[in-house]
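Colleague: Got a structure for you, questions after.
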Amino acid sequence: MPSTPEKVHVALVYQSLLGIYGDRGNATVVTKRLQWRGFEPVLTVVEPGDPLPQDAHIYLIGGGEDAAQISAARLLRADGALQRAAERGAAVFGVCAGYQILGRSFTVGEHDQVTEGLGLLDVTTTRGPQRAVGELLGTWSGADGEARHITGFENHGGWTTRGPDAEPFCTVEVGIGNGDGTDGAVNGTVIGLYPHGPLLARNPALADHVISLGLGGRELPPLDHPEIAELRRQRLAAVRPGR
Amino acid sequence: MAPMTTQTLQRPAAPAAPRSPVRRLRSRLARLAGGAAAAASRLSGRGSGASIRGQVMLRLDPDALATLLQGRRIVAVSGTNGKTTTTHLLAAAVRQGLGDQAHRLVTNADGANLHHGIASALSRSPRADVAVLETDERVVADVVRLGRPEVLVLLNFSRDQLDRHHEIKALGRSWRNALEAAGEDGPVVVANAEEPLIVWAAQTARRVVWVDTASTWQQDASLCPQCGAGLARTQPDPETGEGGDWSCTGCELAEPRADLRVRDGEIVDADGRRWRPDLQVPGAFNVGNAAHALAAARLLGVGTEDALAGMHTVTAPAGRFATARFGDTTARLLLAKNPAGWAEALPLATTSTVVLAIDSAAADGRDVSWLWDVEYEQLAGRNVVCTGPRAVDLAVRLRYAEVEHQVEPDLARALAGHPEPVDVIATYTPFQRLRRMGGV
């Protein structure tokens, strides 16, 4: 008798506001990698106006245009579910504008409007000296402590300053990220990074790390996809000519 | 009875203002140099030369575009998707209406729609006084300012090439400001009533003919472009055939009442008269494009029957929907540049083997994250070949969509050896390569 598959609840936050760069791809990757391992993923796509689920294991937040980002930050602060999720140790993973929203505040738009974030990461974002657009290559120490590349595409006008309580997520070899040679920030089970969209598709170890955080640090059996390894090889070669 | 083509169409354009002999000479030299550059480009097999002709001309005579736009009756066609096809449909309608005076028409049929592409097309037909111009979204404001078009067609507005256009709202604002500045001299706008950003941009126009194309793509509009509040939508009702509409929850912006609607493949006007356009280009979205073209043609004075007869002649605008031979393989070419375009193109690809070609050159957008906003899941059960420089990005997307596929990055090899006809969907750069390879 097969046992009932374990349900894992994944919430994709405000797809219509924060989904401009294919950010739903991160939800596709997380749910498929759960399914391929025998879990039963339950995906909730939360739209503005609807409350966030209180019981999700993993919350995913994407990127959006300035007005959408400001609107989303206000709604999320009022909702409160992400703050509670972080307190109870659920995984909260934001990219691009989603990363900025997880911080203390961000400055966007024509009038440099300062908007308060959720304060889950000790970072502050202000307008950078140039827009960061292009491939990003970084290195993080994976869940097992082994150095791994992060490959993605970033497109953001804000640069991010880390406060004393924010660990950078990775160092940056190509691209801008936070603007100081690092990208992203991590605090417990909350992670933010600049490369947007299907970042987790290009970085399966990071995808599994986020899943594992959502499951209380559980170890997951490996999944091997040669195409993903080939994609990573190609993107690395594209940003490191001659190496 | 549908209105017949009228005297309005026969009306010649107001003549251009006289220019000094020096300026005339400079224009003439710029045109000659542009022509020489285009010929060199063609001889070396690098392309039609349209783009290089315009670049050389505008380098030598920065006012060339303004000069070339003078003395013509202009219709500009813009939007994210469907510009080229709509331009061809509209040009064919006007050509039919002009009859034996069809030589009065100039159009940039090759899809070269930036400043230099438009200048190139106009320079080759100095005496044509009716111009149907495909116009890139970034060039709309300049064409409105410099050319004072009679009609401006705004098809749709969707995210595309975000690595270059960071915010589509900024483009919408440039249209709105240009229309406001033109005031009573501005164009009549033919615009898609379903797109909030287009409705907001067209609010400043002196007059708008609204078209409802019954499109289902809504993923790019969730906030009001005027006040930033959320938009409320009613969904289309398949029982009654009524289309959905939208309104802002924070201000008065709402979907305007359409003057022309598309319903079940027919174009319906405000009086309930219906026409079924007998198009040779496929897909419901091309009926929507035809509705825009029909509205624009009628504003120019083309009769409805003439317009429909003209549009019927369009088969493969700039290679779109063309069938070509690649060795023993017969392939139909479809272009898709962004999630909205893919949502339209994928249902048209009906062959058992489908070839998908992806690149990330500047013209395609360097970021392929959009692959994750396309519902490739619908290809499950088909034989899919991934090709182009970013074939492996697509392969990973298909792996997660659980769609079986092969990877063959080389375009020629991906197309070789298919005994049955195949449909090919390509982003811009591989699409142009396929046109050259297939001679279409």
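Including glycine, each Cβ sits where the backbone N, Cα and C put it.
As annotated in TrEMBL:
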- A:10-203: domain 'CobB/CobQ-like glutamine amidotransferase' (DOMAIN)
- A:CYS96: active site, nucleophile (ACT_SITE)
- A:ARG131: substrate binding site (BINDING)
- A:HIS196: active site (ACT_SITE)
Colleague: Across all the protein chains here, work out how many other Cβ atoms are within 10 Å of the Cβ of the residue listed as 'active site'.
Modeller: 31
Colleague: How many Å separate the Cα atoms of the residue listed as 'substrate binding site' and A:CYS96 (active site, nucleophile)?
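Modeller: Between the alpha carbons of the residue listed as 'substrate binding site' and A:CYS96 (active site, nucleophile) there are 13 Å.
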Colleague: At a 10 Å cut-off from the C-beta of A:CYS96 (active site, nucleophile), count the other C-beta atoms across all protein chains.
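Modeller: For A:CYS96 (active site, nucleophile), the 10 Å Cβ neighbour count is 29.
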Colleague: Give, as a single whole number between 0 and 100, the mean pLDDT over the domain 'CobB/CobQ-like glutamine amidotransferase' (A:10-203).
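Modeller: Here the mean pLDDT over the domain 'CobB/CobQ-like glutamine amidotransferase' (A:10-203) amounts to 95.
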Colleague: To the nearest whole angstrom, what is the C-alpha distance linking A:CYS96 (active site, nucleophile) and A:HIS196 (active site)?
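Modeller: Answer for this pair: 5 Å between alpha carbons.
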Colleague: Enter the number of other CB atoms within 10 angstroms of the CB of the residue listed as 'substrate binding site'.
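Modeller: That number is 16.
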